[in-house]
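Novice: Below are the structure tokens for one structure; questions will follow.
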Amino acid sequence: MEENPTLESEAWGSSRGWLAPREARGGPSLSSVLNELPSAATLRYRGPGVLPWGVPEEEEEEAGGRSRKAFTEVTQTELQDPHPSRELPWPMQARRAHRQRNARDQVIYGSGTRTDQWARLLRRSKEKTKEGLQSLQPWSWTLKRIGGQFGGGTESYFSLLRFLLLLNVLASVLMACMTLLPTWLGGAPPGPPGSNTSSPCGSYNPHPQGLVTFATQLFNLLSGEGYLEWSPLFYGFYPPRPRLAVTYLCWAFAVGLICLLLILHRSVSGLKQTLLAESGDLTSYSHRVFSAWNFGLCGDVHVRLRQRIILYELQVELEETVVRRQAAVRTLGQEARVWLVRVLLNLLVIALLGGAFYGIYWATETTVKLQETPLVQQLPLLKLVVNYLPSIFIAVVNFVLPPVFKLIAPLEGYTRSRQIVFILLRTVFLRLASLVVLLFSLWKQITCGGDSEAKDCKTCGYNYKELPCWETVLGQEMYKLLLFDLLTALAVALLIQFPRKLLCGLCPGALGRLVGTQEFQVPDEVLGLIYAQTVVWVGSFFCPLLPLLNTVKFLLLFYLKKLTLFSTCSPAARTFRASTANFFFPLVLLLGLAISSVPLLYSIFLIPPSKPCGPFRGQSSIWAQIPESISSLPETTQNFLFFLGTQAFAAPLLLISSILMAYTVARANSYGRLISELKRQRETEAQNKVFLARRAVALTSTKPAL
């Protein structure tokens, strides 16, 4: 039996000093071999200085000083672990002992160098700040309840809504500080310009003359004309003051930069979750079963919510595993048929999108022609419908086509998460491209189709006859889109969703379930949020109060969707992975920010500002105000600011950025190699377990008495 110690050391190296049971000292038994497995050692481990589970008391006495001495040495070694206590895989009692020992060492040997003290203080301040910000987040409990009852995908919609609300609040605060306050502190703003036939660019009089009927007042409220046209709501109201013009332009750039940084931060955090989820390291069922539970939960409500969340995660994993298995066993003919179906369905999608874009372009062009007819001018209601014709057409297209995309996606044979991505891509392309088509038609009206030598645009650089204050007109279009989107959401909830729920209660049986059963459509709702936020980014420069209006809209929308969710919707029969949503939603939002920046930058640098209105009147372009303001600064400041735009500054900056980028890539590659090495070590450990299990089986076959 002397080959047994050799066998053990060969199978697992050292046995880490744990004592075998007494009856196995004469030779290895099956239990002794199984106790050498790392999983068994992990289960029996109770912290430094504590004997493992399963060691009998009489064995402890027989072990005597040798066992105690070994455990004392292990205790001293483990308690000197430099890692923080919370990061050690120990019980609470062992962590407390480790923390107390570190505290005593700091008192005896000092708190370390000044650098260590500052680093520790900075780390603690960062943790406290993070905890404080998390405690200030609104609706935290509501989001947990939604995630537990309806899944992580539905929770991601409300999380995105809260994030967009934060962006709009920040934009509103900056607008008040950099636009409204300088306007009123500089004196009372002048009134409308009135009729001035001597101006080469025509006259501009936004206020109607005489008494105004109630119908006209309602029309002005919904269209942004009349008394709202010359108000702080729109661009044309602000007077031509140099400092105000600079702060107005800086506000637009500051809002864009802050939104970009916050969206990038959210995208990076979502990317980490997505990479972990898609890599397969965290998607195994063992992780869901053994590591997903939060042992700090208190109360039956929290426990049930956590159980539901784990249930939804397991449901997603099982559904996607079934789809992957079906795809793995396809024959070549079946694979070719699947790809043929996908090509045909994508051609159908392209045809539907092309028809929708042409319809939006036709509606915009027709609106301009109908506004000049006498019948439309005489009937306020008809005039309101004509003004809202592009918004109505966009809303109808966005209401009809997304359900069609939802019906097409399951036919392509993708997993649920991949289906959600394709639905989002098609829907976001529809919504954002429809907005692009609307902006393109407005650009044709403002710039005479880009022909500066045209009759109507030659004098002032823009179509001053039809659009004397084109910035306000563009702001009014975005204002109408925002308002109509809110009215559409209210109408759908009050006239469709709630009546369907009532019908479900009045008609029991299969008919009531068929008509009244509703699911929260996450892709459509998310794209509605992103579309509304893109409209705000496009129009905020021309309608400064638009972020404030959008803040109020999102507040109403949150409580409306929450009421609709808990009152009329049932949990989705098929869910999708929330990590995909947490990364993909900010990515689409980033796309919306990029699209909105194009017309804004084009208007700032290339289109001449309106002559009779706005803070930039009289300038060749909106950006021309910045060099003119810099020229009034001291010479040293001017030289520094102009130096920032020269090659002498850009070349070193580009070089430093390239070095930092190369360093980041090299560091990421080294981390990737380290992760690969750790994965190989994990595979080796698994092979060792299999080896020990085989030896255990061999022992049972050779020694049946065991």
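Counting begins at 1 with the first residue displayed.
A Cβ is built for glycine as well, from the same backbone N, Cα and C atoms used for every other residue.
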Novice: What range among 480-506, 534-560 does TrEMBL record as transmembrane segment?
Specialist: 534-560
Novice: Pairs 6 or more apart in sequence, C-beta under 8 angstroms, 3 or more of them: is that satisfied by the transmembrane segment (534-560) and the transmembrane segment (339-364)?
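Specialist: These two segments do not touch.
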Novice: Establish whether the number of Cβ pairs under 8 Å between the transmembrane segment (339-364) and the transmembrane segment (245-264) reaches at least three, counting only pairs separated by 6 or more residues.
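Specialist: Answer no: the transmembrane segment (339-364) and the transmembrane segment (245-264) share fewer than 3 Cβ pairs below 8 Å.
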Novice: DSSP helix, strand and coil counts for the domain 'TMC' (469-579)?
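Specialist: So the domain 'TMC' (469-579) is made up of 87 helix, 2 strand, 22 coil.
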Novice: Who are the long-range neighbours of the transmembrane segment (420-443) in its own chain, taking Cβ under 8 Å and residues 6 or more past its ends?
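Specialist: Those are 153, 349, 353, 356-357, 360-361, 364-365, 390, 394, 397-398, 401-402, 405-406, 409, 412, 414, 450, 473-474, 477, 481, 522-524, 526-528, 530-531, 534-535, 538, 576, 580-581, 584, 588, 591-592, 595, 599, 602, in sequence order.
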